[in-house]
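The domain 'MGS-like' annotation in TrEMBL covers 1-132. Residues annotated as substrate binding site in TrEMBL: HIS9, LYS13, THR35, GLY36, THR37, THR38, SER55, GLY56, HIS88. Summarising the annotation, TrEMBL assigns active site, proton donor/acceptor to ASP61.
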Amino acid sequence: MPRVALIAHDDEKPVIIDLAREYESLLSTFDLVATGTTGERIAEETGLSVERKESGPIGGDTQIGAEVVEERLDGIVFLRDPLTAQPHEPDITALLRICDVHDVPMATTRTSAEFLLDGLAAETGESARGQM
Ligand SMILES: O=C(CO)COP(=O)(O)O
């Protein structure tokens, strides 16, 4: 089963929740991990169960990065707020870099996230969108 990380900055949380709802059927067949607040919101607002790491600013991005190093992740959806500076910018940059190092696909926008999830669905033979 694919293991996918879901991360969104505060401004992008409504978008990742909408995405999770749209892809709920597919995502329910995946092993999901998320940074703290993103995971909490997705669990509250969908029927998905999500393993939660720490919140991003206190190390959650770094924990996700560690999973990349360990080759545990098949993809990451990371909806960044492109217009707001983050206190943990070095952690964010490190996560992007380590995904490049290990060739783990990362989507940073809604549309690229749909391509990523559609691609994983095609690999697993699951239907990407629709009802559970
Ligand atoms: O800050 C984040 C990613 O850089 C996300 O963290 P939260 O999911 O805890 O809000």
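From the backbone N, Cα and C atoms, a Cβ is placed for every residue, glycine too.
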Largest tally of Cβ atoms lying within 10 Å of a Cβ, found at which of the binding-site residues HIS9, HIS88: HIS9
Among THR35, THR37, SER55 [binding-site residues], residue with fewest other Cβ within 10 Å: SER55
Among the substrate-binding set HIS9, LYS13, THR35, GLY36, THR37, THR38, SER55, GLY56, HIS88, as the record gives it, the longest Cα-Cα distance in Å: 17
Proximal but sequence-remote residues of the same chain as ASP61 (active site, proton donor/acceptor) (Cβ under 8 Å, at least 6 apart): ILE7, THR35, HIS88, ASP91, ILE92, ALA94, LEU95
Per-state residue totals over the domain 'MGS-like' (1-132) - DSSP helix, strand, coil: 69 helix, 19 strand, 44 coil
